[in-house]
Structure formats: structure tokens, C-alpha cells
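Novice: What follows is a single structure, and I will ask about it in a moment.
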Amino acid sequence: ALRLPAPPAGAGAAARELDVASYRERVRAMFYHAYEHYLESAFPYDELRPLTCDGQDTWGSFSLTLIDALDTLLILGNISEFQRVVGVLQEGVDFDIDVNASVFETNIRVVGGLLSAHLLSKKAGVEVEVGWPCSGPLLRMAEEAARKLLPAFQTPTGMPYGTVNLLHGVNPGETPVTCTAGIGTFIVEFATLSHLTGDTVFEDVARKALKALWKNRSDIGLVGNHIDVITAKWVAQDAGIGAGVDSYFEYLVKGAILLQDEELMSMFLEYNKAIKNYTKFDDWYLWVQMYKGTVSMPVFQSLEAYWPGLQSLIGDVDNAMRTFLNYYTVWKQFGGLPEFYNIPQGYTVDKREGYPLRPELIESAMYLYRATRDPTLLELGRDAVESIEKISKVDCGFATIKDLRDHRLDNRMESFFLAETIKYLYLLFDPDNFIHNDGSDFDVVITPYGECVLNAGGYIFNTEAHPIDPAALHCCRKRKEEQWEVEDLMREFYSLKPKKFTLKRASTHGEGEGAKDPEDASSEKGGEKRNSKKSSHSLLSCPSQSFNSKLAVLGQVFLDNT
């Protein structure tokens, strides 16, 4: 394994930071190597084929890589290209096409990517229309794409079909069998759409689908892998945290944080108990039979590597780190995570030896680094950069690794490489990125519904790493009774005694500074830019809830004593 050069005696933090900066620039170069070759050789197709330097449509015909990479451009600071791509997408993307599309993939990549870009438009210097963020061309595109998915939800159970024709709706003869994740991974995008547009249908169908899965869990509290959306009978009864189930659990937590929804969080915490009871062995998670709890597959799947990051979101950092370190040993064994890894044998599973440059382990490292600052997490980032560049880089981009044992490549670069893998790597190495804002500054925009706070941080990433600003959900409805009851909510979950929180700003030494006078607010042209230390109640459409902002980074809500 490669080692970070040891800092010279006395150089300490500066040497480490220099190292982080150099890896950050290498990640930036990786992005542009892939992105520019997509534009040159593959656009307007969905994806780049890096071994033949051409393109192919995969999940529809949406110029998918362009939509997926759009918010990554802004995170890398490329405002001019962000603005150019917004124009290209408005002109060139049409959802009125006779194409069979995955309901799940279209939602997380297209709807999620467009919503995120819409909410980041002003930050990227795009001329936004009057009424933004409650209106705008990217929001209209996201809504149009989501409307094309709605026919899939018209089932007796409210659980959606897995595939829909964008022109004709659900095809006659379409299979009614959908994976659990394909049913439970809509609340983040659809609730955001409902809050911004005022049309409740999106949030309603997403909630109905979530609740149908909850209702159909087994007596021991587990859900299976695939279910018949007409009869609600489980077709695949393997229960675990990986492929086919993964983002259902992720969206219960993220939906709970985004919407301040106690019901979603309590659902997750119940599942979490059952998962620990039946599937967890020595900080690994196995697959078990959903009704009996007996082990069906002693396998680790690369998709499961999101779990430590999710654990960090609910404050379970110690368990998260232990599981992360197990997964990291697999990475070090192969220079990537094979799709399946047999835990007792300590080796790959036949026909599942590939690594399509997935982001999940890097995603968990990014979350855990925000929570712990443990340098081991930066080492995973370093290893990822080194091995992806060494094994996967080709003249026309980065190729999926077909087999980690002999480093054979496949002629595909999935759009999530630019949407997720590169983004999480960059954010791991960029502690000062606007995405990591701790709430110490924010923008105030004027909407038809009054003043509205945006860009204060706490972004919720959808499962394709598209960041959603939770504050935006409060911009487009005047609901005086609405309150963010973070403290009460978390106190109830953890049965803690009441505790007073104060809003602090982290100084360079990590110590909080006291709040200053609200009268000092400075303003800038084109929407006031204020410091939250100086905010007043009148800026918010709801009473401000005092809590420690240092403990609510990236949507993670921790209490002082957890």
C-alpha cells in the first residue's frame, strides 16, 4: 500500500494540508479528463465508452452524464461551464420520447440532478427568474421528468413498477416485481418537488410507497429484496443492507432529516434494531432469510459500503468506523471493492469480481471524516485516487474494472463516476467547500412568499450525490405554524433530558464564538448576504430553533453528549 510521505518534524498540520491540497488537485484533474472526453466523444449520448472513445444511451436518452455531472462542476468551482450546461440542457433534453426508463434511475439521476442544479443556480451566477427557487427552467424540467414517472405508482399497493415508458406510461405486460430500493427511494426528490411547486402529489406517492414497504415487513422486522407491487407478496426474501434494499434505508434517514419527520426516523430506528439483531456479525453485515433470520449469503457487496456513512448521520460513529475499517481492508486487498466478497473465504465471488468505480466507500469516508477528522479516512481517499488512476485511467476517460484480480477493463464509464465518486473524493479533500458550510453564513432571497434563507449548509445528498438544500423546502409556502423541532425530535429518539443549545460559529481553532447583535447584518446587491451570527427572527418564516451548528454538518444532527 502507498504511504503518505511523513511530514518533516515540526511541520505537522501544514505538511498534511499540503498533501490534501495536492490530492484535491489530482481529483480535479481526474474529473476533467473524464468530463472533457465525454463532451468530445460521447455527448449527447448518456454515457462515455472509454475504450472505443464513443458514446451509448443506457438509462434513457437524456445526455445523462451531463445532468449527473452538473452540480459537480459547481462544487469544483467551475461557474462558467455550469452556466453553459444549464443552457444546453434547456435546449436539448426532451422527456417526450418513446423510451422505457427505469423509474428509480430516472428519479435519482435526472430528477435529483435537475433539482440540485436548480437550487444551486443562483450560487452559480445564473440569472434566475422572479420567484426562484419556487420556479425556474430546471425545476420545470425536474417536474416534467417526475410526472413521467407517476403512472408507475398507480398500483393497488401504491408501490411503483420498476419501468415506465416515458410516452405511453406502464407497458402492458410489464413485470410487477420491483426491488425494495426501487420502491423506497423517492421521498428526497419527490418531497422537494412538492415543497417547491406546491403540488403535493409527488410527496404523497413517495410516502405511500414507503409506508407500503413498512406495512409488509416480516414479523421479525425485516424487508426482502424484491416484491410484487400488485399483490404485495415478497418474491426475493433475502434481507440485508445491500443491493436491492440499500437506498430505502438511506431515504428513511435522509427524508427524516430533510423533512424533520419523526415517523420516518422511527421507522429506520426500528429497522436498525432488526438489522443489528439478525444480519450483523463482527461488524460485517450478512444476508438472511427475512422471515426466519437464518443466514442465506455470507457476502459483503460493494453497494453496502454506504452504511457507515448512514450510521454517522444518526450519530452512531463508533460502530460506523468499525464497519468502515472492515470494508477498507477489502479495498486494500484488491485496489477497489469487488461487487461481491465472500466474508468467510476472504475472496471475490465468481462473476462478481468487477469494480465499476462505485462511490459508496468514499462516500462513507467523507461523512466520517466530517464527524471524526480521523486521518485514516484521508488515506482511503488517497488509495482511491492512486488505484483508480493506475488501473482504470485510459486515453478517453476512466473505464469500469471488469475484474479486480487481473485488472481487465470494461468499455463503460457510468455517469455516477462524475456525479458521486469524484464529488465525494473532492469533498473529502476540500474542507472549505461551500457544501461543508456550518451555517455561519447564508443568503437571504425574496420570494413571493416572503424572505427565505438559502445556502446555510446541512445539504442532504440524494443517493446519486446530488445535494438538496433543506432550507429551500421552506421557501415556497407560507406556513407560520411550521417549526423545526430538531432538539425535541432528537431528544425523543434518544430519551435525553432537555438541554439548552446555542448557535455557535466554529472559529479556526474549533472553538465557538458567541452570537452577535442582529442589528449588524450586512447586505449585498442581488439578495442580502448575512452572517447567521447576526440573524434575526424576522428573516425566518418560522421561529428559529437554537442548536449547535457545529453538530449539524451535512445534515448530521448530533447532540452534545452523544
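Just so you know, glycine gets a Cβ as well, placed from its N, Cα and C.
On a predicted model such as this, the values are computed, not experimentally measured, just so you know.
Among the features that TrEMBL reports, active site, proton donor is placed at Glu105, Glu339. Per TrEMBL, the feature active site maps to Asp246, Glu360. Taken from TrEMBL, the feature Ca(2+) binding site covers Thr463. TrEMBL lists 506-543 with the feature region 'Disordered'. Residues annotated as compositional bias 'Basic and acidic residues' in TrEMBL: 508-530.
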Novice: CB neighbours of Glu105 (active site, proton donor) within 10 A?
Specialist: 20
Novice: What does the structure give for the C-alpha distance between Glu339 (active site, proton donor) and Glu360 (active site)? Integer Å is fine.
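Specialist: Rounded to the nearest whole number, the Cα-Cα distance is 11 Å.
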Novice: Between C-alpha atoms, which of these recorded positions comes nearest to Glu105 (active site, proton donor): Asp246, Glu360, Thr463?
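Specialist: Checked the recorded positions Asp246, Glu360, Thr463; minimum Cα distance to Glu105 (active site, proton donor) goes to Thr463.
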Novice: Looking only at Asp246, Glu339, Glu360, the active-site residues on record, which one has the least crowded Cβ, with the fewest other Cβ atoms within 10 Å?
Specialist: Glu339
Novice: Compute the C-alpha separation of Thr463 (Ca(2+) binding site) from Asp246 (active site), stating it in Å without decimals.
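Specialist: Just about 10 Å between their Cα atoms.
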Novice: How many whole Å apart are the CA atoms of Asp246 (active site) and Glu360 (active site)?
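Specialist: If we compare the Cα positions of Asp246 (active site) and Glu360 (active site), the gap is 11 Å.
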